[in-house]
């Protein structure tokens, strides 16, 4: 026998060591790695060594033993056994235990004969649990679904050519019958086979764990990654989606000639209502898009699903006013209560000059867990009340968008028919942001017609009847006779096509989720790509949702004024005296306002975070101790005035914010605009932020501005009134447009024309003109360079101080010879007014 150190024995040992290392490498290969990629001879060598090691533990193998083992393993590897897919190590281990193909292990071959199946365990199901009914095949080919696409098509109902039904015609339309709680036989507007197939696909998920279904749905929906972007929920992105698809008809409505109905420079706001829409995603989108150029009214059910205005991170919730029907802010917001519908309607009309809103959004829904197939029936009154609310508050020519579910029952289709009669155009639309597997779709209505009051009153009576029949065996089954609906063939055909189209898409989407539940490796590869395409198309920045950070008022002030010289804000007005009276010689260039207290700068950082500053650099911004709210990034020039209402003991006092001028409105820098335009924008801004439903809040008003040549109008508003706490001595008071009065301290006089321009009046053409004193050029149109920006108006302003030395009439003995009387100023203005007395 050769020694271990002999060359003949050492070489095979080194070879064996290399093969052993290869064996250890192969034995650690996972089941997911293809064994066939490994060289067959190397596998045989490695596994033979492993087998040899197990048989000769503690012995040193020689070259002859190795050759025999290699040969044996090669024979095993080449067999045609159905177990040949297992490596030879496994086969040899089984052979050592006495395994023979077709027999079980054990003394009497009583062991298991079949291979143990791969685990089908899914999620957190109990070990071995199978869901009877779910694991069966649906026999639906979902793979031929359309390719994901960011571009969508809209199909409108044909234009309604029939007259809007009147109360006489509708007097016998409402049909009351036995309450119906089945949907399977509703085949008037959808094929029976298609309806049953859709209901079957829905029912399959009844026994599936909700979380498991949601995970599969997330992977299956190609549009799932759009989510809510930086808004508070996905609903906001649905509105963004539909607003784009319908050519911005909500956020940028057009007139009959196709021109924008509203411009940002106009004084009119875009009014909208958001009903049954907590927490408010629709409104957050609209206010993000329009900023302070829009004002929203909202009504939704009080409780956990109320508006969450504090979560409006991307928009200013100060521009939105919830009103819950009867009782106002203390109401319950139940849209099915007739009192709430009437109260909300009156509130909206009172605050939109009796015109109504430009559009209504409704997104109502509630949990129907366990009764998903009956969602349409269970939601019928909610749907009716949302339609009724739209007809109650939308102005003529306005629009409406409302979430619906399945539309199979004649009751639901009848409601759609009434909208079809009342609006110029109507369509049923499912945006790609609405998950394809649910029944959700939206009815979109464009251009409310004149003369819909009878339909509104009819729906109001139907709602009353539904309330009366609640908790009984009877129900309103029809609001429009089937004969009338089917008599309009174009409407009927569209309704059937729409239902069957959405049914088919929903069936495929449900089957796809079913497949994704069964195979957890399936996923939609283009989700990120589609998301990017959609956001670009809808002009939504791809940004994360981040809560607004709190700002230091001084830092925010410098951020808003940019590079403006800080010294401008410390300028005090020039006092109007006999010596400075000549400054107002160009009368047409000036405007004037009545003052009630000291002027301050007011900075809004959002909600009640409001600070004031008197303009001196040595002083700090001080928190305003008033109950009011302003949108963030707002900078105003104001007075805090003590307003009075009534006289004597019943007199009430309230502190109000009076706006003298505006610099920045909710991030919009308006300092370079004309003073008249700035005041108009201030009035628009105040309408947007005012809260008529909150009498507990301190009001915000814009100073009433007069032309200097019309200053005598101010004195018409002045009278002597008894002021509580003044010792019974009447004081001079100025009464504003809102019937509240305050003690005036003087008049601000503001120049609106920039040097070297001045204003004149052409008697031959009977119109004003602008004259450049340097170039001696005259023009009628307002030159841009003649507009005095805020800083010019501010440092050049004059102040006619009244105080104790002011006297209204010449008969009054002057107490201060340096102070000008009413007669002094008015006579000077009249003598220099080119328009004449």
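Glycine residues also receive a Cβ, built from the backbone N, Cα and C atoms like all the rest.
Here the structure is a predicted model, which means the values were calculated and not measured.
Listed in Swiss-Prot:
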- 1-66: region 'Disordered' (REGION)
- 2-18: motif 'Bipartite nuclear localization signal' (MOTIF)
- 27: phosphoserine (MOD_RES)
- 30: phosphoserine (MOD_RES)
- 52: phosphoserine (MOD_RES)
- 56-66: compositional bias 'Basic and acidic residues' (COMPBIAS)
- 86-132: domain 'G-patch' (DOMAIN)
- 90: phosphoserine (MOD_RES)
- 202, 203, 204, 205, 206, 217, 373, 374, 375, 438: substrate binding site (BINDING)
- 230-449: domain 'RrmJ-type SAM-dependent 2'-O-MTase' (DOMAIN)
- 238: active site (ACT_SITE)
- 363: active site (ACT_SITE)
- 403: active site, proton acceptor (ACT_SITE)
- 726-834: region 'Interaction with POLR2A' (REGION)
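Mapped onto this structure are the features recorded in Swiss-Prot.
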residue	record	Cβ contacts under 8 Å, 6 or more apart
90	phosphoserine	none
202	substrate binding site	372, 373, 510
206	substrate binding site	370, 372
238	active site	281, 282, 431, 433, 434, 442
363	active site	235, 274, 276, 277, 281, 282, 402, 403
375	substrate binding site	368, 405, 406, 439
Secondary structure at residue 403 (active site, proton acceptor) (DSSP, helix/strand/coil)? strand
I'd like the number of other C-beta atoms within 10 A of the C-beta of residue 373 (substrate binding site), please. 19
Within a 10 Å radius around the Cβ, which one of these recorded positions has the most neighbouring Cβ atoms: 204, 403? 403
Max CA to CA distance in Å over the substrate-binding set 202, 203, 204, 205, 206, 217, 373, 374, 375, 438? 21
DSSP helix/strand/coil residue counts for the region 'Interaction with POLR2A' (726-834): 19 helix, 35 strand, 55 coil
